[in-house]
Amino acid sequence: MNDVPSPTDTLPAAAAGRPEPAAELRHDFRAAEPRWQAEWERRGCFAVPDVPDGSRPKYYVLEMFPYPSGKIHMGHVRNYTLGDVVARYKRARGHQVLHPMGWDAFGLPAENAARDRGVHPAAWTYQNIANMRAELKRMGLSLDWSREFATCDPEYYGQQQRLFVRLMRAGLVERRESWVNWDPVDNTVLANEQVIDGRGWRSGAPVEKKRLSQWFFAITKYAPALLAALDDLPRWPERVKTMQANWIGRSEGARVRFPLVEPVAGPEGRITEAEVFTTRPDTLFGMSFLAVAPEHPIAAAVAARDPKAAEFVAECRALGTSEAAIEQAEKRGYDTGLRVAHPFIEGATFPVWIANFVLMEYGTGAIFACPAGDQRDLDFARKYGLPVLPVVRPADAGEDFTVGDTAFTDDGIAFNSGFLDGLPTAEAKLAAIAKLEELGAGTRVVNWRLRDWGVSRQRYWGCPIPVIHCDSCGAVPVPEDQLPVRLPEDVDFSRPGNPLDHHPTWKHVACPSCGAPARRETDTCDTFVDSSWYFARFTAPRAGEPLVRAAADGWMPVDQYIGGIEHAILHLLYSRFFTRALHDTGELAAEEPFAGLFTQGMVTHASYRAADGRWLYPAEVEVRADGTAVARETGKAVTVGRGEKMSKSKNNTVDPGGIIDRYGADTARWFILSDNPPDRDMEWSEAGVAGASRFTQRLYRLVAGAAGGLPAPEAPLTAEPGSAARKLRQATHRTIAAVTEALEGFNFNVAVARLYELTNAVGEASGGEASGDAAPALGAARREALETLARLSAPMMPHLAEELWSLLRPAGRDGGAEALVAELDWPEADPALLAADTVKLAVQVLGKLRATIEVPVGTPEAEVLARAEAEENVQRAIDGRPIRKRIHVPGRIVNFVV
RNA sequence: GCCCCCGUGGCGGAACGGUAGACGCGGCGGACUCAAAAUCCGCGGCCGCAAGGCGUGGGAGUUCGAGUCUCCCCGGGGGCACCA
């Protein structure tokens, strides 16, 4: 990688031809890191049983498992470092910690590799996994690797097929024909969640509408539960919950039936009425027209007999998916000539239009329009000269209230509305619904934006849907004793379309039910299905059943889940649904998969773009002192982008492997944690890593230089009040408390800062060496401080922590009996040492700082106030005025009000 | 358009309603060195010689006291979006 300086100036210094001062005081991470990784492995520090044994409270830490693209990137490093801090900390706090790793291994890139390079998807995927596993292992993560699996293992997807047929039997999987989002580049269907701004989430191609037979998971059955349960997830970020709530999209209103004055012949029989969904039944008296979506059966019925209508519908469909339509969003309509009767106004009828702004997917695909109360309806009415009758006025407006080009959409008072006149909006809604129900013209309903989850994908490299289509028996689930339905290995990727469908023999099978010739389902599952239950599978990854109750119920839910915000909706919502479905089919007890969720920020890096649009590598650019930059080759100015997400296309990636080669895993981990709060985007910088590296060396030197001269570990910790030893002990114990609090709150950057402070304090305490009786006490205090540093930094820099610990407790070196830091409990802060002996108080006059005084803790208030008042600056600020009030917050502040 | 989050030194960022800027990066000065690197020591919000004054996007408010709480505005980021 070009922006990683060459390794010639790296450690050890001797390699670069420099003198190597005090070699024994240089931390050689290249030797130490693999050594400690091997020792953790040898001692089985991170392995746990399938069923938590109850000796300690369980804690399940999980990071979103990676897609095996071939190399780990900095986002992975950040993700897994954050998780490892939590895992190691919780382990030290006495929990039995499950911390597994696996691979989200199905997906289109493997098929693309097969097509472009002639490698089989399985070979490509497993090779990538091998590469990435080796990279991850170098990070020193405290993982139970014995639980590793890939979703493309037949042992995994076979169990998933088992779940599929069980969910099918439970009525949670359905096959039906529907309009689907078709990605013309990837040649497959996309879920609604995978369409972003009208384009496929992977290919970026404009999505087309197609009508196909598809498999659906009945996520809508869980819409109310998925929404309500968000309130019971206190350890989830608010914004993720908000995004999910918006996506589920609950709205209260009414369904209203409008009888057609003359019924029409639709494609599936006579249509006698139009049903609409509305959230504003209180505005029914302001109705101007009724509008249906171009895909609505009434539109189809009209189009069948009216060529102009047919033309309009065809135009809408063509435009419906193009970019232009999405951006322009011009409201257009066609008057069908049909009319509907009004439920409240005897004898009144209104025209029925086909309108391009009405969505077939939402509500009933038809609306009644009250232009005075809805901007879109108003725009439409003005364009086509339809009437506009205001029926809701602002509370402070009179009966003469009118609407111009802006609809009044707020709540107000009903008028021009018969029996609703004078009612505030909330009451008017209730009254209108009551009347509709009384007349049999409508009902109160709750409408949901969420659609069922279409999981069929016309791809090869995915979990085959375990169904067989039989002409007489229909869609028959594959019997469980015939699972897994394995992917065939001899497939042709050169032809477009679904390779499974092209396979000469694979799909031809006998019907499991009647034995007649039948066809295998050739669609595979959306890969989001694979990631919707992997967290539960980790609890018993080799079992012959999808889940083992004792294991799943023992470990689930995941106590702390960590990953990127980009999965706020898709993966997290699907997993929540799947967990509920598995709960309802008796597979596990948990109803929610993730009790705690943490969303990390991106890793960004500066980027450089030349005037011709080419992205330059950092090495091709000269950055000037004022922050501007020029291309080395041409001398022309380049645009400097601060903090852009690392991306190969922008040439601003940094390869984690190179960083670990040069600085070691601990330095990379430490920098990533220290830079900023983990939920924000962080900017990767060479200077920052170098600074982190300096600290690891400094800490090592501090411990290695002191270790030989320290008293034995058993030496008594005694320290006279006011002595240097006591001050150091207080700093140590305050650091324990502060780091603990910071780790609990995910404020890892603050934990790092506290460790810097303690390191500084130990360095200072060794400056003026104590003499006589004080020397042993200070020595013991220094041992305590250094041992504490090793133990508190272990979650973040686990290898260095072991190295330091082994210097301080040499019995553990090279496989000795001494415990490793990874096996130790978390240090306890001694409450008696948390408070200093004296405290500095700020003295304010009228809230402005005028002096600080230092008083012994516990000084009587009267004495504190007297000393504060006596300060010269305080007297000057008071300026002879009488003091009206004296405020004293012990240990914090004194404020005089004059 | 609706909803959410965020605005603090040159930079990343600290701060139970209680001394704003901890800690780090960069910078400056010094020591060591023939010199450099590494290391160590010191300085460091702004204005001012100083005394002092001003400072957490802007404006009001609550409070003895506001970066923190309330309201309005400005700016940045994100999510949803012809959602009836």
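From the backbone N, Cα and C atoms, a Cβ is placed for every residue, glycine too.
Curation does not apply to TrEMBL; its annotations are automatic.
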Task: motif ''KMSKS' region' per TrEMBL - which of A:50-54, A:255-259, A:455-459, A:645-649 - done: A:645-649
Open item on the list: Quick check on the annotations: TrEMBL lists region 'Disordered' for one of A:1-21, A:673-693. Which range is it?
Closed with: A:1-21
- [ ] Can you dig out which of the ranges A:66-76, A:231-241, A:726-736, A:759-769 TrEMBL describes as motif ''HIGH' region'?
- [x] A:66-76
Open item on the list: Looking only at the domain 'Aminoacyl-tRNA synthetase class Ia' (A:639-685), how are its residues distributed among DSSP helix, strand and coil?
Closed with: 21 helix, 9 strand, 17 coil
Task: Helix-strand-coil residue split for the motif ''HIGH' region' (A:66-76), DSSP-based - done: 3 helix, 0 strand, 8 coil
Open item on the list: Please give me the CB contact count at 10 A for A:Lys648 (ATP binding site), counting all chains in the structure.
Closed with: 9
